[in-house]
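Trainee: After the C-alpha cells below, expect a handful of questions from me.
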C-alpha cells in the first residue's frame, strides 16, 4: 500500500481544487481559521470517501440498513484506509446512557457482580447463602451425640394475626405441634393466638435425641425435605442448649422475608425489566412537584400570592381555592403570615394536605352549596395528580412549570431494583462503586479479596475493566464517575470517551479523523491526551486531527494549514509540512501566531468594575466543598480550573439555577441565604453550545430574526404584489409557498428504526424548500432560496443598502461567522458555531448595563485569530456596563480577563475548592494553582 494519502482536486464546500499528499501512519494536524475548510477536507472529503468505500464493499443486504453514501466532490483519493470519525457532537441524548454503558465498563461490572457478588438481606443485613440438603444434614450430624434436636419449618415470620386457618390446616395434615414465639403449642388443643400480636410460628417437623446411625440419618433427611416444602425452602435447626440456625436451599433470608432470584448479569441492568426499579423504570428520577417552584418567594404570605398556583385566586369563589382555604382554617394556618414564619408541620400541610377527613362546604359562583367530607389535598399532591390525570398538552404544560426531577423515592435515584442493590462486593452495591470516580474505581478493584477460584473466574473480567479505566485516565477523564449521565457530558468529554474506546479496541491500519480532542481539557491534562494520540499512531494507524491547540500542533508529525481566511476566502492549502515549515510560511496566519509575530495582547489595565458584587454561598453541587464565590460586576470574569474541578457545577448548576429562579420572581427581597447582590442584575443571558434548533427548518437566518426582514422585502417585490403573495408565502414553516413534499425542509427524513434517521435531498424541490411559483419571485435577480444559500459575508454585501438587515448581519460577522450560510441547517452547526449565533442575536439588543452573560467555553472551534474577534465582542459587552462570565481553559482568554476564579486543585473528589481569585497577575502568584503556573509563564512574571 502507498505510504501517502494522495488527494486530487478536492472541491467539497469551499475547497478550491485542493491537491495534497499526507503521510500515512503519522500524526497529522489540520489547522486554520474557523470556516477555512478544515472540516470540509478532513470529514466531508477524506472520511466520507473512506466510509463510502467501506459501505460499497458490503453486500446489498447490508447496504440497505446503512443508507446511501454520496461521493465527495473530489477527483480521486489514493492510499485511503478504512476510516473512523470521532467528532465532538454529543449523540447520547438517551437519559438511560451513562459513562459506564458508553464505555462498556458497566457491562463488565454486571458480569463481575453476577459471578462473585454476595447477596445480603436488605431488611436484616445478613448474607444470604443457598445450602444443599446434604450440608444441613451434615451440620446436624456434627453435633454432639445425645444432643436434643428440633427440626422446624418457619411458616409465619413476625406477622400479626390469629392464624387460625393456618393452624387448622396443619392439624388436619397430621402435624401435632408448633412453636409460637418460642412456646410449644399442641395443635389438638386448638390454640387461640392474639390477632393484635406479632407471631413467629415454627412447625415442629421432628424432635429427637441424636444418634449417628443410618436410621437417624434417614430420619433427618426426610424431616428436612418436609420442612423445606412447608416454608418454601427454609428449615430451622434448634439444638437444645446450643445454637439455633435457619438454612435456605434457595437464596432466601433465613428470617423468611426476602427471596433472592438467581443472580445473573441482567439483574444489574437498569434497562432490563429484571433489574430496573419498578417505580421509575430505571431512570432514577420522578417528576415531582417542587415547593421552591410553587412558592419561590417565602417572604410573602398566602394572601400576597406566595403560592403561585393560587396567586390570582386568593379569597375568590374558585372551588379549588375554597377547598384549600378550608384546609388552612381547619389547621389554623394564618394566610397573612409570611411562609417563612410558618412551622414545618404547617408547611407540610400546605404541600401534602390533611391526613384525616374534614367536613366542609364550598359555594359555586351560582350560589349552589356542596357539602363534602374527605381528606383535602395539598398543592404538591394536587399539581402531581392533575399533571398525570390530564390528556391535554396545554394543561400538562401549565402544571409542568411546578415540577422538577426528583430522585425516585423507591430506589433513591439508584435506578435498580432491590435484588440488584442487595448484591455486594466488599460491602458495596454496583451503584455505589459506579459513584466512585474512575481513579477511585481503579483503587477499589485492587482491594477486592478473592479466593483462588474467584481469581480464576474474574481474571479476564478485571483485565477488561482495568484496560478501559486506564484508557479513560490517559485521556484526562479520571474525574468522571460511571454513573454520570452521557447527556451531561460536554462535546470534548464525549469525544474523549469515544477516543478511549477506540484505543481500547487496539485496531491497526485504520484512518482516524478527530475534531479538536483538546476541547475542555486543561493544559495540565493535555500531555496525557497527546500520549494517547501518539499510541494510536504507534499501533499502526493514521491520525488526522482538526485542531487549534498550540501544544497539539507542535507535537504533530505533519501539519496542514488551510486558509488563508474563512469561507470563500479560504479553501486553499497555505502551508504543509513540519512545524518549522509552517512557521516560515509567510502567508500562514497560524505560523505567525506560532512564531509570536502575531499574538493576543494582554490588556494594559484591568477594569475596576462598578463596585457591586454578586455572591453565591454554600455551593455544594457535585464535588463543590460548600464554597462561597464572589463575582465583581461590570467585569470580564473567567472561571478556570483543571477538568472536573467544579467549574460547571459552580456556574451551571449553582449560580445559573439560583439566579434564574430569583430573577423570575422580582418581588423577592435581597435577603436570600444562598445568593446576594442579584438585585443589581436585570437579565441573565445563558449562551451555551446546544443546537439552535433540531430540525432542518432551523437555521441562523430564522434564529437571529433577520429572515423576517428578508421576507418583508420579498413580499414587497412587484411580482409578489401582483400575485398576491404576502410575507407568509416566503416562510417554509407554513403551507403556501413551501414545497408540499418536504414541508419546507429541503430534505426528506428516512426513519432507520434501530439506526439514526437519514436525511436525503427532496427530489421534488431539489432541496430548494419552496415551490416553483414562490421561487419565480426575485429580488435584485435572487430568489428567496438564493438568499438562504448566501454566506453571511455575501448577504452583508448584498443587503449593504438595507440598514436593519446590514446591522443584524454585522453581529454575525463580529463573532466570526461570516462563512456560514444564512439557511444552513442548524443540526450541521458545531456547538461553538451555535453558541456564537446566539451571542450575535443578543448583540442586536440594546445593552442595559445590568445584564449578566454566561458562556461555557466560547473558544471551542476557534483559531487564535478568531479568538481575538471573540474577545473584541466580549469586551464590547463589558464596556457597555454589563458583566461577562466565561468558563474557559484557553490561556489567551484567561490572560485578558479582569478577574479569575480558579477551582481545584484537582478534578473529582480532590477538586471543588476555590484555589485562587483575583486578577490574572494575582492568580499567577498562587503556587498551588495549575492555572496560575501556566499564567505565570504566559504573562512572563518572575
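Residue positions begin at 1 at the first shown residue.
For all residues, glycine too, the Cβ spot is worked out from N, Cα and C.
In TrEMBL, annotation is done automatically, which means it is predicted and not curated.
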Trainee: If I go by TrEMBL, the feature zinc finger sits on one of 712-738, 739-765, 766-792, 793-819. Which?
Mentor: 739-765
Trainee: Around residue 34 (ATP binding site), how many other C-beta atoms are within 10 angstroms of its C-beta?
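Mentor: Result for residue 34 (ATP binding site): 30 neighbouring Cβ atoms inside 10 Å.
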Trainee: Just to confirm my parser: what is the rounded mean pLDDT across the domain 'ABC transporter' (600-936)?
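Mentor: Per the prediction, mean pLDDT sits at 91 for the domain 'ABC transporter' (600-936).
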Trainee: Can you tell me how many other Cβ atoms are located within 10 Å of the Cβ belonging to residue 38 (ATP binding site)?
Mentor: 27
Trainee: Please state whether DSSP places residue 641 (ATP binding site) in a helix, a strand or coil.
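Mentor: Reduced to three states, the DSSP call for residue 641 (ATP binding site) is strand.
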Trainee: Report the member of 36, 643 (the binding-site residues) whose C-beta atom has the most other C-beta atoms within 10 angstroms.
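Mentor: Neighbour-count leader: 36.
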